[in-house]
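Novice: Got these off Swiss-Prot a minute ago, pasting:
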BINDING   T26, I27, D93, V180  K(+) 1 binding site
BINDING   G150, A151, W152, K176, P177, S178, E179, G230, V231, A232, S233, G254, C286, E387  NAD(+) binding site
ACT_SITE  K162  active site, charge relay system
BINDING   L246, K457, G460  K(+) 2 binding site
SITE      E248  site 'Seems to be a necessary countercharge to the potassium cations'
ACT_SITE  E252  active site, proton acceptor
ACT_SITE  C286  active site, nucleophile
MOD_RES   C286  cysteine sulfenic acid (-SOH)
ACT_SITE  E464  active site, charge relay system
Amino acid sequence: MSRMAEQQLYIHGGYTSATSGRTFETINPANGNVLATVQAAGREDVDRAVKSAQQGQKIWAAMTAMERSRILRRAVDILRERNDELAKLETLDTGKAYSETSTVDIVTGADVLEYYAGLIPALEGSQIPLRETSFVYTRREPLGVVAGIGAWNYPIQIALWKSAPALAAGNAMIFKPSEVTPLTALKLAEIYSEAGLPDGVFNVLPGVGAETGQYLTEHPGIAKVSFTGGVASGKKVMANSAASSLKEVTMELGGKSPLIVFDDADLDLAADIAMMANFFSSGQVCTNGTRVFVPAKCKAAFEQKILARVERIRAGDVFDPQTNFGPLVSFPHRDNVLRYIAKGQEEGARVLCGGDVLKGDGFDNGAWVAPTVFTDCRDDMTIVREEIFGPVMSILTYETEDEVIRRANDTDYGLAAGIVTADLNRAHRVIHQLEAGICWINTWGESPAEMPVGGYKHSGIGRENGVMTLQSYTQVKSIQVEMAKFQSIF
């Protein structure tokens, strides 16, 4: 693909130049080619976007629930009509295989938008009787202007996961995509406008997180910030949001999730789940189950099943329908993953497979890392303690149920967890003791629109998806009505 035209900001229903004068480049990580130069939003641009959003939000919130629902449903239809076009752009920008982006990224994002479009008319208050002459009623009102700050691994899906409930509740959103993968969020803004969303209700500000993101989190005109990213960045966002105007926050942060295989499990099923929990999207999924606990007596058999499945991984041309493994999202990220792999070897973990970059025709110019499996791992190893966010699996062994529960919970993270077992009683007994917000039994990775997702401990605050997320984009107003004569003590 030839280099795209310079990308601008999207404010008040159309493209506009950044006043900052700064730009950055977005790269195709499969081959290292520059996709586009992108303008970076500065402080004045954030001010413009907030004013635009404030104007648009008043118009949007004044519409009936059915009017808002119809507009969002039109956006869903356009997303599905343009699935292939958007998936191709997402593949170019992220490096993910087209077989993945065309069946997951836009599809699941559109599903979430459709889900919230359907919930809009059901967003209701309540009536509370006090006595014969008095009652209270409540209203769920929009927060106003909210900000979404996205991560680079699922650009358009995250933009939809954040904007769908926010818009459904009557808010306007200013969205800052990751500077690594900014392109499809701009296309989403076009689609919202085409569907009939009032100008200003969804503005997109590409830019560097330390600048554009900070301006958003500090801005007094922003009522809430929804952030997806790393723990360290999330803490800064939260601190800025509280210090500036006591904003509400939703934080979807990192994970180092355990996948526990029990001795009664079907090892073929367990190996299939472990592969998806580590190598789907080249390991760049926040919920990945990278700490794979297996009974000591099952270790050798499990390792052989993993090795057989690694042989089935098809890396290569990301637009080949048979390819199911792409490069990492950027060269700096590739180098960081390679540092972790080197650290694992240095600390004594044994490389079962991988452990280096992929080499040869089609790989040498891209950010490719081979699917890597470590075994003989210990809980104190860096690769077991820290989030790598790449195609790196760590296999650990255990002896008893109590032991593995304790070790699985021995982490600052608490995003996800999963178990594989044929024992229904054990499944629920163990899951109820795991300190994680998203749990799977005999499966991994699915996050449907109806399912609230979010983390315990350092993995986040609040939830995305589900009914409770729609409610989190509202504020409750309580009104008491007195029908009898008011009695004063004065």
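For all residues, glycine too, the Cβ spot is worked out from N, Cα and C.
If you look at the structure here, what lies around each of the features I listed?
Specialist: Other Cβ atoms within 10 Å of the Cβ of T26 (K(+) 1 binding site) number 25 in total over all chains. When secondary structure is read from DSSP and collapsed to three states, T26 (K(+) 1 binding site) falls in the strand class.
Sequence-distant neighbours of G150 (NAD(+) binding site) (same chain, six or more apart, CB under 8 Å from its CB) are I158, A159, K162, F175, K176, P177, S178, A185, T228, listed in sequence order. Look at G150 (NAD(+) binding site): DSSP puts it in coil.
Counting Cβ atoms from all protein chains shown, K162 (active site, charge relay system) has 27 others lying within 10 Å of its own Cβ.
When secondary structure is read from DSSP and collapsed to three states, L246 (K(+) 2 binding site) falls in the coil class. For L246 (K(+) 2 binding site), the Cβ neighbour count at a 10 Å cut-off comes to 8, with all displayed protein chains included.
Taking a C-beta cut-off of under 8 angstroms and a sequence separation of 6 or more, E248 (site 'Seems to be a necessary countercharge to the potassium cations') has the following same-chain neighbours: L143, A223, K224, V225, S241, S472.
A simple way to gauge crowding: the CB of E252 (active site, proton acceptor) has 27 other CB atoms within 10 angstroms, across all the protein chains here.
Taking Cβ-Cβ distances under 8 Å and a sequence separation of 6 or more, the neighbours of C286 (NAD(+) binding site) in its chain are A151, N153, T228, E252, L253, G254, G255, F389, L415. Secondary structure from DSSP puts C286 (NAD(+) binding site) in coil.
Less than 8 angstroms from the CB of E464 (active site, charge relay system) sit W161, K162, P165, S226, T250, E252, P452, V453, G454, each of them six or more residues away in the same chain. Annotation note: E464 (active site, charge relay system) sits in a strand segment as assigned by DSSP.
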Novice: Through the lens of DSSP with three states only, how would you label V180 (K(+) 1 binding site)?
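Specialist: Reduced to three states, the DSSP call for V180 (K(+) 1 binding site) is coil.
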Novice: Considering only the binding-site residues T26, I27, D93, G460, which residue has the minimal Cα-Cα separation from E179 (NAD(+) binding site)?
Specialist: T26
Novice: Within a 10 Å radius of its Cβ, which of these binding-site residues (D93, E179) has the fewest neighbouring Cβ atoms?
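Specialist: Counting other Cβ atoms within 10 Å of each of the binding-site residues D93, E179, the minimum falls on E179.
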Novice: Sort the binding-site residues T26, D93, V180, G460 by C-alpha distance from S233 (NAD(+) binding site) and give me just the closest.
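Specialist: Of the binding-site residues T26, D93, V180, G460, G460 has its Cα closest to that of S233 (NAD(+) binding site).
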Novice: Within 10 Å of the Cβ of S233 (NAD(+) binding site), how many other Cβ atoms can you find? Include all protein chains, please.
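Specialist: The Cβ of S233 (NAD(+) binding site) has 19 Cβ neighbours within 10 Å.
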Novice: Per DSSP, to which secondary structure element type does E252 (active site, proton acceptor) belong, with helix, strand and coil as the options?
Specialist: strand
Novice: So if I draw a 10 Å sphere around the Cβ of P177 (NAD(+) binding site), how many other Cβ atoms end up inside it?
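Specialist: Around P177 (NAD(+) binding site), other Cβ atoms within 10 Å: 29.
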